[in-house]
Each structure stands twice: as structure tokens, then as C-alpha cells.
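**Student:** My structure is below; once you've seen it, I'll send some questions.
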Amino acid sequence: MDAQLLEIRDEVFRRNPGETEFHQAVNEVFESLVPLSARHPEYADAAILQRICEPERQIIFRVPWVDDAGKVQINRGFRVEFNSALGPYKGGLRFHPSVYLGIVKFLGFEQIFKNALTGMPIGGGKGGADFDPRGKSDAEVMRFCQSFMTELYRHIGEYTDVPAGDIGVGGREIGYLFGQYKRITNRYESGVLTGKGIGWGGSLVRPEATGYGAVLFAEEMLKTRGQSFDGQRVAVSGSGNVAINAIAKAQALGASVVTASDSGGYVVDEAGIDVELLRQIKEVERGRISEYAERRGASVSYVADGSVWDVDATVALPCATQNELNDKNAAKLLASGLVAVAEGANMPCTAEATAMFQEAGILFGPGKAANAGGVATSALEMQQNASRDAWSFEHTEERLTDIMVNIHESCAATAEEYGMPGNYVAGANIDGFKRVADAMLALGVI
Ligand code: NDP
């Protein structure tokens with residue numbers, strides 16, 4: 001990194017103390033921008049980098065609610081409206097006890113560039129709360145969502161800011177949030193949230209889109225080396241929305257997916273993960289991955305508290321959470337014959353692990369490109385809402401596939417153009433940044 005970039009980066013760190021995940025995300029983007037800043041001095045003249053690192057608006061609010069025992073509980077809600085140069089802020093809501101401003105800002109910052117890469121007119125934002133939906137009754141989750149939306153509603157809108165799901169926020173939570181928005185505003189404004197149910201404004205393929213998209217991106221990477229998913233041994237982490245649909249798509253393309261995990265442990269199923277059983281346990285019953293092993297029988301092993309990355313694989317799809325795959329895990333995977341990694345989750349690989357994969361010449365698809373299929377299909381949901389239309393599964397999946405192929409092509413072409421062929425991290429960061437920076441230049445100092 002040159003002196004000017006370092007100075008700007010250090011100033012971002014100084015102004016946002018203690019936000020380690022945000023610092024990590026900023027650092028990764030800055031490292032990729034060295035060749036771009038040399039070619040485009042106009043960005044520095046307009047302080048684009050400094051402006052892009054400063055959210056346009058940050059909202060932090062109290063979320064009081066009453067639990068089933070009648071006790072008042074307090075959580076903290078967040079919405080960071082990061083950048084609207086390309087369109088209304090767009091990005092999910094995360095409900096997890098680890099949520100604090102630094103996590104919301106890392107996710108929002110990544111979202112700016114990811115959304116730009118989709119080619120759709122959407123800006124970047126993210127939000128959530130330090131609320132843990134696990135172990136809560138439906139009634140408690142509903143009361144929490146209603147309280148959360150009672151503050152959030154004044155900040156969002158189909159032309160302003162359009163939240164969606166993320167960890168801990170799925171169809172159930174989006175339903176309660178949308179219901180409360182509709183009640184407060186007295187408007188059936190479908191385009192204000194995405195990830196809605198199919199019967200009330202949702203889009204087919206949206207539930208599958210992030211996991212499917214990550215696999216489609218990985219398939220495009222594999223093609224560049226004359227390979228495909230067919231016959232690969234795949235390790236997947238997580239067992240939520242992204243993981244389950246990544247497993248389904250990888251299997252449909254002929255891979256053998258042998259793992260799934262949650263925060264309690266992981267399973268190894270040498271016969272290939274039974275996706276329908278996994279869906280039943282995780283999505284319908286809201287159970288734990290240990291129950292998968294109990295119900296699937298003797299061929300499956302369950303490892304409590306271990307790392308899923310101890311399992312040999314030729315393709316790794318980290319689909320759980322940030323910094324779940326470190327340098328030690330990377331070394332183990334590389335030794336087991338790894339050929340590709342695609343990040344279904346946001347920033348699941350540490351900076352050290354990412355560097356090791358790149359140095360080893362492994363195909364590496366960073367989250368902001370590989371998992372962009374989810375937000376892209378959210379934008380397709382917004383299109384359907386705006387035209388009061390509902391597309392077929394086939395048509396929507398075709399659109400998703402085209403988008404993922406285009407993202408792969410433009411990341412690869414940008415990496416090539418800037419002298420780093422095959423480096424999808426650089427390609428995604430430079431391409432995404434350039435699209436946003438050019439719009440910001442055109443819109444003036446705002
Ligand atoms: P879900 O809540 O559906 O599933 C999350 C999964 O990850 C669960 O299996 C969960 O296990 C596991 N997990 C969460 N936190 C941890 C942790 N600290 N340690 C170990 N495991 C953990 O979330 P999604 O599948 O929607 O999201 C997964 C990732 O994908 C996130 O990084 C998210 O930002 C990213 N993403 C999601 C998109 C979407 O469309 N949903 C779009 C783009 C990216 P447990 O139940 O034990 O917590």
C-alpha cells in the first residue's frame with residue numbers, strides 16, 4: 001500500500017476505534033486499490049476513499065420487548081446506511097448476540113461493492129440487533145420484530161432503504177417485520193423489504209439465491225481450469241439458508257458434499273448430505289446439526305466443538321460467519337488437495353487464510369462476488385414488486401445465473417486489466433469500487 005492509501009486507512013481506523021471487523025474489511029479493499037489509485041488520481045482529488053468509508057447515516061436505537069415470562073428485555077438495534085450513489089441502500093438485517101456497530105459496518109461496507117458488482121441499481125447498507133432468536137418462542141420473536149420495526153420504519157422505504165434477511169433473520173422474521181411496517185404506515189409497500197414469503201410479494205428463487213449463486217460462481221471459476229463440480233469432494237460450513245442451498249446446488253452439479261455445521265459442531269456424511277433431512281431439522285424444526293447425525297444413522301459422524309475445516313475436501317464453501325476459516329484451517333485444506341474456495345458467507349476467511357489460498361494458486365472467490373446472488377435476487381424481487389408481477393422459478397433462476405456469470409466475467413476481466421490475472425479479490429474490489437466511485441464523482445460532493 002502506498003503512503004497516501006496508508007494515511008487514509010489509518011485515519012479510518014482512528015475514527016472508528018475498536019471496530020476490528022470493519023478495519024479488516026477496509027484494509028482488504030485498500031490493499032486491492034493500489035493499481036487503481038495510480039491510474040485514477042481524480043478519485044483522490046474528490047476524496048472518494050474518505051467519503052466511501054464514512055457511512056452516509058448510522059442509526060442506533062433501543063429495542064424494548066416483553067418476554068413470555070412477562071419480563072422486559074432490552075436489545076440494541078442498528079441500521080447503517082452506507083452509500084446510496086447507485087440506488088437505495090440495500091442489505092440485510094442480522095439478529096445475533098455478537099452484533100455491534102463494527103460488524104454492521106463491515107457488512108455494510110462490503111455490501112456497497114457487492115451490490116455494485118451485480119449491475120443492479122442498489123446502494124449499500126446493513127443492520128441488525130444483538131438479539132438471539134435461538135431458543136425464543138415465535139411470540140417472543142414477533143414482539144421483538146414489532147418493536148424493532150417501530151423504530152426502523154421511519155428510516156426505510158422502497159426508494160430509501162430496503163432491508164432483507166441475514167444470520168438469524170429468515171422468512172419468519174421478515175414476515176413479522178413487514179406486518180408491523182404495513183400496520184404503522186397503512187401502506188402495502190411490498191418493495192420496502194425483500195425475502196418476503198411467496199404468497200405476499202416474495203420472489204421465487206430468493207431463498208435459494210445466495211447458496212445457488214455461490215456455487216454458480218465457483219463453477220465459473222472451475223471452468224477456467226477445465227474443471228467442474230462434477231466429482232468434487234465438497235466441505236460446507238453452516239447449516240442455515242446459504243449453506244443448505246449451496247449444498248443442494250453443488251450436489252445437483254454432481255459433487256459429493258460431505259459436511260455441514262452449526263456453532264455447536266459439525267457432521268461428516270460420507271454418503272453425501274441428505275438435504276431434505278437437513279432442511280427438515282434446521283428450517284422446519286429449528287433443531288441442531290447434532291440431530292442430523294442422530295437421525296441419519298451410523299454412517300454419519302458428529303464432532304462437537306471441532307472445526308469443519310479439518311475434513312479433507314477439494315472444494316470448500318464457507319457459509320456460516322466471518323473469520324471462521326483461519327490460517328491453520330487453510331494449511332490443512334491445502335494439504336488435502338484443495339482446488340477452490342468460494343465464500344458463501346461474508347468474510348469467512350481471515351486475511352491470512354485468504355493470502356495462503358492466493359499464494360498457493362487456488363481458485364478463490366471472495367464473498368462480495370461469490371455471494372452476491374442473494375442481493376441480486378432481492379433486486380429482482382424489487383423489480384417484480386414495482387411491476388406488480390411474479391416471475392416463474394425458471395425465469396428467475398435464469399436471471400440469477402446470468403448475473404453470476406457476468407460478475408465472474410467482470411471480476412476476471414478487471415483482474416486481468418490491472419495485471420493480476422486470476423485474482424478475484426482484486427478484480428471484485430477494483431470493479432465494485434470503480435462503479436461506485438464514478439457515480440460519486442458524477443453526483444458531486446454530497
Ligand atoms: P442463517 O442464520 O440461516 O445460518 C447461519 C449459519 O451459520 C447457522 O448454521 C449458524 O449456526 C452458523 N453460525 C452463525 N454464527 C456462527 C458462529 N459464530 N460460529 C459458528 N457457526 C455460526 O444465516 P445465513 O445462512 O443467511 O447467512 C450465513 C452467512 O452468509 C452470513 O455470513 C451472511 O452474512 C452471509 N450472506 C447471507 C445472505 C442471505 O441471502 N441470507 C446473502 C449474502 C451473504 P447456529 O445456528 O449454531 O448459530
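Here the Cβ of each residue, glycine as well, is placed from N, Cα and C on the backbone.
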**Student:** Figure out which of Ser378, Ser387, Ser392 sits with Lys90, Gln111, Lys114, Gly165 in the substrate site per TrEMBL.
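**Tutor:** The record-listed residue among the candidates is Ser378.
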**Student:** Roughly how many Å lie between the Cα atoms of Lys114 (substrate binding site) and Asn241 (NAD(+) binding site), rounded to a whole value?
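**Tutor:** Lys114 (substrate binding site) to Asn241 (NAD(+) binding site), Cα-Cα distance: 19 Å.
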**Student:** Running a distance check here. Ligand 1 versus the binding-site residues Gln111, Lys114, Gly165, Asn241: which have CB less than 6 Å from one of its atoms?
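**Tutor:** Cβ under 6 Å from ligand 1: Gly165, Asn241.
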**Student:** Roughly how wide, in whole Å, is the group Lys90, Gln111, Lys114, Gly165, Ser378 that binds substrate, by largest Cα to Cα distance?
**Tutor:** 16
**Student:** Just to be sure I understand: of Lys90, Gln111, Ser378, which binding-site residues have a C-alpha no more than 10 angstroms from the C-alpha of Asp166 (site 'Important for catalysis')?
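**Tutor:** Checking each Cα against Asp166 (site 'Important for catalysis'), there are no hits.
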**Student:** So which of the binding-site residues is most packed in, judged by how many other Cβ atoms lie within 10 Å of its Cβ, out of Gln111, Thr210, Asn241, Ser378?
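**Tutor:** Result for the most crowded candidate: Thr210.
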